[in-house]
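The annotation active site, proton acceptor is assigned in Swiss-Prot to K34, Y254. Residues or ranges marked as substrate binding site in Swiss-Prot: R129, M302. Annotation source Swiss-Prot lists N6-(pyridoxal phosphate)lysine at K34, citing sequence analysis.
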Amino acid sequence: MKAATAYINLEALQHNLQRVKQQAPESKIMAVVKANGYGHGLRHIARHALGADAFGVARIEEALQLRASGVVKPILLLEGFYSPGDLPVLVTNNIQTVVHCEEQLQALEQAQLETPVMVWLKVDSGMHRLGVRPEQYQDFVARLHQCENVAKPLRYMSHFGCADELDKSTTVEQTELFLSLTQGCQGERSLAASAGLLAWPQSQLEWVRPGIIMYGVSPFVEKSAVQLGYQPVMTLKSHLIAVREVKAGESVGYGGTWTSQRDTKIGVIAIGYGDGYPRTAPNGTPVVVNGRRVPIAGRVSMDMLTVDLGPDACDRVGDEAMLWGNELPVEEVAAHIGTIGYELVTKLTSRVEMSYYGAGV
């Protein structure tokens, strides 16, 4: 019997990419596969993301893993390179880079490279995390055009800070600023990530960058991915390793944080924070056992968590438990825990077995 296993539905992945294409038909797709494919497995996701025109990663190591696995499509470093010594690696492996600061620009100007690097100039349109400020934009464009180490034409991108908050004007302001700055430019542009392409169609430029939605997880609080026409790619399961009777008034788990109000049965499931399931999950967080939702009862420990199966439960050792997936949206679990689906799927540890199915696997 397996312990915790993440089942990855590659047909759902392909469905989701097709859905992105339906919603942004005029845009090319840069599938974002950073953080080990959002916890789904970098190489498997890239291999089966058939609708992707390019891939976006955060770290050069991720780009090199993709190249080593046989990926030949364009790859972009979304944070750019970290040091001048990275530039020859980009050239050798045909990796594109974001440029967002003076230090990166100077490194390009001073480098001696065999061939130019494809550069995306990142503009700070209002998030104020990475990117050149609007007043720096023209100077950066001019210097990049003059730099022999930069392939032409330049490309341009920015990132939204509040695209998941539909009642804010911030996204409209960022879009208008970016479009104004890049008006008349020769190169391709990218503005929309998941929330942008779903909710702000005016941000669907030459490229869109689906991340979390590609994995069937919604970027929005008020709508699940299923409601948006997407399918969950990951289903996280484990098994009951014990079913115990607990009397009214007895407490369960470390710290005695849950006390039974009745005689009941407690199920012990083989998954815990050592597998990446959050210790912060409170009492009442739902788990699915034999097709019904049951609440977490007691503190999540390193290797186990406990649920209240109810006094009349017929569940047995070895029965399956679903932590999130087809029958329990990860967005719902995240809401109970006070986090976001992104964090849950990316924090699974190496103890969790990955099992891929669908799409000819």
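The backbone N, Cα and C atoms fix where each Cβ goes, glycine too.
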For M302 (substrate binding site): DSSP state (helix, strand, coil): coil
Proximal but sequence-remote residues of the same chain as M302 (substrate binding site) (Cβ under 8 Å, at least 6 apart): G272, Y273, G274
Packing count at R129 (substrate binding site) (other Cβ atoms within 10 Å of its Cβ): 10
Alpha-carbon spacing, R129 (substrate binding site) to K34 (active site, proton acceptor), which is rounded to whole Å: 18
Residues near K34 (active site, proton acceptor) in space but at least six apart in sequence (CB under 8 A): G56, V57, A58, R59, E62, L78, G211
Around the Cβ of Y254 (active site, proton acceptor), the count of other Cβ atoms that are within 10 Å: 12
